[in-house]
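Enquirer: Questions regarding the structure given below will be posed in turn.
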Amino acid sequence: IASSHMYSARVWIPDAEEVWKSAELTKDYKSGDVSLQLMLEDGKNIEHKLDPKTRNLPYLRNPDILVGENDLTALSYLHEPAVLHNLKVRFIDSKLIYTYCGIVLVAINPYETLPIYGTDIINAYSGQNMGDMDPHIFAVAEEAYKQMARDERNQSIIVSGESGAGKTVSAKYAMRYFATVSGSASEANVEEKVLASNPIMEAIGNAKTTRNDNSSRFGKYIEIGFDNRYRIIGANMRTYLLEKSRVVFQADEERNYHIFYQLCASAHLPEFKALKLSNANDFLYTRQGRSPVIDGVDDTKELCTTRNAFSLLGINESYQMGLFQVLAAILHLGNVEIKDRDADSSVIPPNNRHLMAFCELVGVTYQDMSQWLCHRKLKTATETYIKPLPRLQATNARDALSKHIYAKLFNWIVEHVNKALVTNVKQHSFIGVLDIYGFLASFEQFCINYANEKLQQQFNMHVFKLEQEEYMKEQIPWTLIDFYDNQPCINLIEAKMGVLDLLDEECRMPKGSDDSWAQKLYNTHLKTCSLFEKPRMSNRAFIIQHFADKVEYQCEGFLEKNKDTVNEEQINVMKASKFDLLVELFQDEEKATSPTGHVQGTGGRTRLSIKPDKSRDTSSKEHKKTVGCQFRNSLQMLMDTLNATTPHYVRCIKPNDFKLAFSFDPKRAVQQLRACGVLETIRISAAGFPSRWTYQEFFSRYRVLMKQKDVLADKKLTCKNVLEKLVQDQDKYQFGKTKIFFRAGQVAYLEKLRADKLRAACIRIQKTIRCWLARKKYLRKRSAAITIQRFTRGYQARCLAKFLRRTQAATIIQKYQRMYVERKRYKQKQAAALAMQTILRAYMARQKYQALLREHKAVIIQKHVRGWLARCWYKRCLEAIVYLQCCIRRMRAKRELKKLKIEARSVEHFKKLNKGMENKIMQLQRKIDEQSKENRLVNERLVSLESSYTVESERMRGELSRLRGVEEDAKNKANQVSSLLEELERLKKELSATQQEKKTIEDWAQSYRDEMEKMVAELKDQNGLLKKEKDDLNRLIQEQSQQMTEKMTRAIAEETQQLETDLNEERSRYQNLLSEHLRLEEKYDDLKEEMALSSNVSKPGHRRTDSTHSSNESEYTYNSEYAELEDGTRGREVRKLILRIDTSLTLKLQKRVTELEQDKQLLRNELENREEQLQRASYINVFLFQARGAELEYESLKRQELESENKKLKHNLEEMRKSLLGNAATGAGAPGSPAYKVLLEQLSASCEELEVRKEEVLILRSQLVSQKEAMHHKVETALDILYDVSKLKDDEVKQAYVGLKDTNRYFLQPLLFLTSIMMLISVSFSLTSLRLLEHQLQTQRRTYDNEVESLRSELQNVKEENNRQQQLLAQNLQLPPEARIEASLQHEITRLTNENLELMADDPTASREARVVILRRMVDLMEQLEKQDRTIRKLKKQLKVYSKRIGEMGAGQTEGQTSPGQMVDEPIHPVNIPRREKDFQGMLEYKKEDEMKLVKNLILELKPRGVAVNLIPGLPAYILFMCLRHADYVNDDQKVRTLLTSTINSIKKILKKRGDDFETVSFWLANTCRFLHCLKQYSGDEQFMKHNTSRQNEHCLSNFDLAEYRQVISDLAIQIYQQLIKCMENILQPMIVSGMLEHETIQGVSGVKPTGLRKRTSSIADEGTYTLDSILRQLSAFHSTMCQHGTDPELIKQVVKQQFYIIGAVTLNNLLLRKDMCSWSKGMQIRYNVSQLEEWLRDKGLMTCGAKETLEPLIQAAQLLQVKKKTDEDAEAICSMCHALTTAQIVKVLNLYTPVNEFEERVSVAFIRTIQTRLRDRCESPQLLMDTKMIYPVTFPFNPSCLALETIQIPSSLNLGFLTRV
């Protein structure tokens, strides 16, 4: 190893966090160096100090190609870091939880549900060698099962690991594997019972811990028993050391046992109300862990699962409720509160509801229970004392009682589970599954570590033994390997004066304590045993050095748990309980009554008989046995069992303590690896020769290290010579008989040499290729440069000449251009000067005009202003003058007024005034009167005026407002006038500006016009472009329309494909049903043969109930159905006999009775049909009048019959019950005995079954009635057809009627389907008791005899009636056509009327029965009419054919294509339609008695090989059809029927006998298809006659329509096809994996990697190994055989498609389960193999059969192995490429991808996640493996034969001389 530590070597160095860290040497190590210069993977350089004492160098790393191996022993360097790293890579990167380590399977708990335990995975591992598939628990189970069958030795699977490592799950899956692959030896479904025990044991024995949500808190060893055919017959379970302390205490984040929480979660259910439960947080025993709920677990559903499992195992509802009652009582007991009375005593408060609930549930008195919970009894030699207990001791006593009750309940359940799993079949061998567990408590932990020490010792010895056997087998010199022997540790525990011995001794001491026991341990072992230590800081603990590590144990509680003491008075109270189940739990000496027994009474509880104690001394002695002693004895028994078996080891590893999915903690993992013995296995292997290669594998792998001259014919000698040159040290390897053994590190050295050689070869290849590529690139560049130079120089010369020509032309152009420019410039200047002068002069003129215009306007303005000012002055003057005049006039008036006032004051003035006053007064008086009158008039006028004034004022106001508005408008307009004037001035100014701008605009317009012209030109160009774009768009639209058309075409094609897929699915379902039907038929035939063998044995039997009843009521249990005769004495004898009756014999008798009933029914139907054959359609009119009443009478009669029959059955059952109850004194039939209860249960089931059958028959009857009503319409149609027939001419009627008469009686044969229905109804009414069976048989025999006699008499009457009918028919034929049918109908009506009158007169009841019979016949006649309808159509068609033929033969001039329904003008001579004895050929005639000889020689004893080679293909089919043609020709219905039936049954028989012979199956598949095609080709249907010759059309069947038989034969062909596929699959299955995967078709591409201890099948083609050529040869053999047999080409294509599907599916499934096959080179091998298969298809012309498409998943998987797997582009390419693979398959292949050489790289986890993300939206099945049992639906396309039947010759070798050609 020292020499190996060179520069760039990779090593492992210790690390505190990761345990081991990888590093690479940066400097060569030299001997004597004290340190190593290393570089870590993160690039950091460190210096690693070597241990100065040992100078041990760090461990070397394995090559990368060995990392991730399935078997740790395949690693070249076997040490702890290599093991840890390999497990981590497989677990984290590849998501693989299983790894082999020699004989050990290491299982890492993923804490996630993985889809690797389905039935498809089980089937994939079944029958495989352990090393041929990836590691799996199923592989270990298969190895154990195979060794049990091969070596005839019992096996054991030992599952161990920490709590939470997945031990229970691994054991459960191992049991599931055995149950699936082995099946059951009986109908009791034992394998399902074995699996059903898991939910029960998990509920009562598993709990949530901090490490595991479903941790087993007990150990168990399950023995699964097998019979001599290695089918499961039963199981037995042993349990070890239940953790009882969990019942009363749980740590934080833990739970009690699951069953308690399940009950609390289901407390709301009605049946649990009496338990008085509530939430789990309400009970002390379930709330201490403060974690009552487990995420993702529904405790209510789990309880339902538990109850179903109880029921499946036979524990009935009464016992289940009793168990739940005890469990609820434990919870209530935990809530009993005990309080201090004083310092030395305690008391329970009165009326404690929890204690009352406990006492009520367990049936004890409250006073006794409360007394002995707080007191205990002390016995001395003379007296007995009752001592009160302190509160703490009383609480401990309460908890001890709870633990004791639960332990008793646990043991009771285990005992009864074992009883349910035991069968009476003798056990031949067993496989044991041991689930070793881990505890956290000190005493239990000590016991389990003791068990682990014993198991580790057994494991070490087994590994050592296997190593020794391997070396001795290969004749390798054996050197003793030193391994760790833990016998001293075991002696320390179990030897005399050991830990357990001292513990038992201390328990027997009156005042023994944990402290005194610890001192005894210190005194005894501290100085004498190096494995025993004392902690420094404690005097109550000790340390033991176990094989895994040192463990410190706290002594506290050891004595109490070892004693396991319970207050005896409390036990006595429990034994005195009124609750029988509790009493049964505490009766250790007595066996409990079976819980499957029938429970009497209404209370749901049975009082069980309890045997008294025989000896209290014995009981007390047993009670004194300590837990440690019991565990030691149980462990010794377990070790004896394991030593007598072949062990298989499963080591479960817990990857982290936080239950994180796929999270790996190296510290925790390495602790468990050290503890479970995996590293010890590695050390033992590494001590010898761990790497082992066969000579062939070594030669294949290291062929590159050999020179051509070293390769010899003898591979063994070649390997020896090469190895001696490569490895100089002879001790590094040894040569065995078949293998080469290498020491550790040598394979890595050889791999390095191989990699160096390959690297050097790669470098040389790269050098040569790079040189070739560089020279090729240089020559290509040189040639390109010369070419470029030549073209460049020519281009330059052409450019120079062009430049010179352009220079001369440019000079001339410049001369004329300059002249033109100067002339243009002069003209522009001249025009500009003239334009300027014109503009200036015009401007000056405009300025002068503007000035004159302004002066004129100013004068006008001045004139108006001056006038306005003069007017203003005049108005002011006038106003001043008027004001002045007013002032003067006012002054004068004031003066005059003053004078008048003075005069009025004087006397004279008054006198003058009063003079003549009187006269004036009178005048005034008169005047006043007049004025008053006028005033009144005026007032009246005033009123009128006022009104008119008001109206006028309103009008005036409106006018005023209008005028005001007008005034305002005038003012506004006046203002507008001024503004308009201003606007006018502004507009004038703008006009001038506009005129000024006009010139500018005109100039701009000219330029704009020029621009527009230019733009128009551009638009024209754009228009051209747009037109071009338009054309492009039109073309694009056309293309899009074409694409849409194509898309629609594709959509239609997809829809068509979907419809075809749906059709194929329907076909597949139908063909699967046919396959199931065939299987049931074979089973029925087997039972029939068994019955035939035992038919002479006169033993009573019973009938099996209907399958639906069995599946519903007896799915998992089976019991024979017993009955008892009425006679008491004979009943006892029969009961004794029943107990010894074999179930299979009873089933046979049932079948026999069913067959007798069927035979009777068939005979009855046949006689009835014979009687009804002679009836005519004329009966129908009479029947239609009486149909409804007869139907009602028939229904009432059937109901009365059913009711009377049911009443009779119930009466018989009641008499049987009374008889059984009356015989209670007898032993076997006593009430309460198992036989009595079983019998009563079966009789009750029979009653229920009869009720169900009654309902079913009524339903069937109603359906039949509805079918009869539906037939009424068909009857009317038939009458119409008969009316059409009446229109035919005389000759036509004769011919048609004769043919109809001959065919009438052949269409009333019973249909197979109706017969099967009658069989089912007959079976459903079969009684289940022996007495009723016997009575029924006797009754049926008598009835049968009577019916035969009556039927014989009726048959005689029918014959007479037949003669009369024939005479009548002869008379009718002589009548005119119009009168024939009328006369016939009249005759029948008369006859029926007379019969009815006679019946009514003789017996009304008989008349009613006769009407019922008539109704039955009417139904058959309706069916007959349908068939007659078809016959009439056929006869019409024949008339047409014969008419045409007569015309061709010159018999007469025909009227054209005359239809059968038309009148023919010219008479046609009578033609005998059904018979042409001389003209027909191609038929074979045989006698009726030769039919069996025909079938025997042509089918049963025919050798396919001779017929296929020497004779024409399909000859048997042609012969059978020619015989059938003759039977049709002679119109023999019976012969046709028997021939077809015999043919079908004989083919089935020969296939059953030689169904595994491919040649036979292929031969009869071809002949069956040919026979089916002949039936179609010669059926007379136009669709099948298109390709016939005229001669073949003449050979068509003339009398019978065999369409129904064609369907039966088609179904037979489907069954033969499925048999052929199974036969091919059985032949191909062993070849596929070896030829497609393991064999190296391209030699040297993929070398074999190291495979470790479990060797795989060699990939090199040895003798007996299948190769790809073997598969191709077998496929060619299949193809040639089918071609020789004349199989249809389309059918051959379907067979080949199915073959290729099987090859692809099996190959892909094995690829997905084998990590060593997932490599780049293997992908190349697979693609090459697939190409060879495709080449085979091309050679055979089968490329269009769809076989290549079935290989698409395999092709894509091979491509996936070869494509790049790094970048996102690669991920996208993979997602688009692998459309035929599911996401699970793609991810699985990427996870399994393993580099074979150093040049390959592993797939990163990030890349796999990218793939998963991209494929997340795919809608597909999550199934990983393909269904290898899937069979494509088969079709039989019509393939007519061109062979003329008359040319076929029968060879004499067939021994068919009794056949006559016709």
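Each residue, glycine too, has its Cβ placed from N, Cα and C.
Remember, TrEMBL labels are computer predictions, not curated facts.
Pasting the feature list from TrEMBL:
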DOMAIN    6-58  domain 'Myosin N-terminal SH3-like'
DOMAIN    67-755  domain 'Myosin motor'
BINDING   Gly161, Glu162, Ser163, Gly164, Ala165, Gly166, Lys167, Thr168  ATP binding site
REGION    592-624  region 'Disordered'
COMPBIAS  610-621  compositional bias 'Basic and acidic residues'
REGION    635-657  region 'Actin-binding'
REGION    1093-1126  region 'Disordered'
COMPBIAS  1110-1122  compositional bias 'Low complexity'
COILED    1146-1260  coiled coil
COILED    1334-1375  coiled coil
COILED    1418-1445  coiled coil
Enquirer: Near the region 'Actin-binding' (635-657), which residues from the same chain, at least 6 beyond its ends, have a CB less than 8 A from one of its CBs?
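Expert: Residues packing against the region 'Actin-binding' (635-657) from afar: 87, 91, 101, 103-111, 137, 140, 143-144, 147, 151, 153-167, 170, 174, 210-211, 221, 238, 240, 432, 434, 450-451, 454-455, 458-459, 462, 663-665, 668-669, 672-673, 676-678.
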Enquirer: Indicate the candidate from Ser163, Thr168 with the smallest number of other Cβ atoms within 10 Å of its Cβ, considering only these binding-site residues.
Expert: Ser163
Enquirer: Can you tell me how many other Cβ atoms are located within 10 Å of the Cβ belonging to Lys167 (ATP binding site)?
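Expert: Other Cβ atoms found within 10 Å: 28.
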Enquirer: Please list the DSSP helix, strand and coil residue counts for the domain 'Myosin N-terminal SH3-like' (6-58).
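Expert: Secondary-structure breakdown of the domain 'Myosin N-terminal SH3-like' (6-58): 0 helix, 24 strand, 29 coil.
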Enquirer: Which one of these binding-site residues, Gly164, Gly166, has the sparsest Cβ neighbourhood, judged by other Cβ atoms within 10 angstroms?
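Expert: Across Gly164, Gly166, these binding-site residues, the one with fewest Cβ atoms within 10 Å is Gly164.
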Enquirer: Return the average pLDDT for the coiled coil (1146-1260) as a whole number.
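Expert: Average per-residue pLDDT within the coiled coil (1146-1260): 53.
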Enquirer: Across all chains shown, how many C-beta atoms besides its own are within 10 angstroms of the C-beta of Ala165 (ATP binding site)?
Expert: 26
Enquirer: Let me know how many other Cβ atoms fall within 10 Å of the Cβ of Gly161 (ATP binding site).
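Expert: 26, counting other Cβ atoms within 10 Å of Gly161 (ATP binding site).
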Enquirer: Across all the protein chains here, work out how many other Cβ atoms are within 10 Å of the Cβ of Glu162 (ATP binding site).
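Expert: Around Glu162 (ATP binding site), other Cβ atoms within 10 Å: 22.
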Enquirer: For the region 'Actin-binding' (635-657), how many residues does DSSP put in helix, in strand and in coil?
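Expert: The region 'Actin-binding' (635-657) comes out at 9 helix, 8 strand, 6 coil.
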